[in-house]
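Marked as domain 'CN hydrolase' by Swiss-Prot: 8-295. Annotation comment: Swiss-Prot describes 48 as active site, proton acceptor. If you look up Swiss-Prot, you'll see 130 marked as active site. Annotated active site, nucleophile per Swiss-Prot: 165, in sequence order, evidence recorded as sequence analysis.
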């Protein structure tokens, strides 16, 4: 299917989530979807773990300190088959907009770092999970499986893909997306401290600037613009922000309160050739970053270097992707033979259709 729309407006969220509060998180999600819809956007991109906020506290606490926060975080994470998710899908439908949404997904007793791409009809086009939680994130989240790996979907606005955080740095994930002909990418980022917090021997890769743009007087080798250049995609980089109240909610008793500004101002949008297309947001900016996308502007970049096509040698180098779900327990398919298989999307209820639109679909 060729894109129906080659030129359209898109938005990346640069805002504070509803920390530890599922209902507030959903309200803010619908608010920004409505805002993007009012501004005639066809795509809105949310940060990693937007619902119920990225648990940055796990980088700063010991085991005992983590327990109350972990319990509250689990209680306010999102079931995919839930009234809350249906309200978000209805908002996408009411605004006729594609939504890339990052959330902490509850699946039985486990949590996953999940993204879904919602269509303007409110259907789930893609459901993926971060393939490997980063470092201390494994305190909270499990890993994705084979059928939650693919990140790119053909849509009416082009081949749209999304990845979480350091997946955008993973050369194998980039190669996979490039092989699928990705045109528009959502590099979803969490809450991240700035370089002023860096202490030896912590690597520079673990601060925000290393992931949002290049340093002055240094090579443009950093994560998000590099993704745009290497894949030849429009790359939207939504980021979370935090206020003083958010700092209090994420800080255990007895710990010093940080300056929220060290975390803010990192939202970006890059052209297929790596140019930054939007002014850097102010530290106190809460809102949407907008970009006008023209899919025809991708052609010349990819004509020089299409690593999913003419500029690759699959006879020499190939990537093996196993897209099958791996279940702990499998059962026999007595009708068709072999093993009975249920996709993760089916199992968590994301293939269920929405009910007919209601008059209150757009209410925040």
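Positions of Cβ are set from backbone N, Cα and C atoms, glycine also.
Annotated features, which come from Swiss-Prot, shown on the structure.
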| residue | record | CB count, 10 Å |
| --- | --- | --- |
| 48 | active site, proton acceptor | 29 |
| 130 | active site | 27 |
| 165 | active site, nucleophile | 24 |
Coarse DSSP state, helix versus strand versus coil, of residue 165 (active site, nucleophile): helix
DSSP-derived class (H/G/I helix, E/B strand, else coil) of residue 130 (active site): coil
Integer Cα-Cα distance in angstrom, residue 165 (active site, nucleophile) to residue 130 (active site): 9
Rounded Cα separation (Å) that holds between residue 48 (active site, proton acceptor) and the residue listed as 'active site': 10
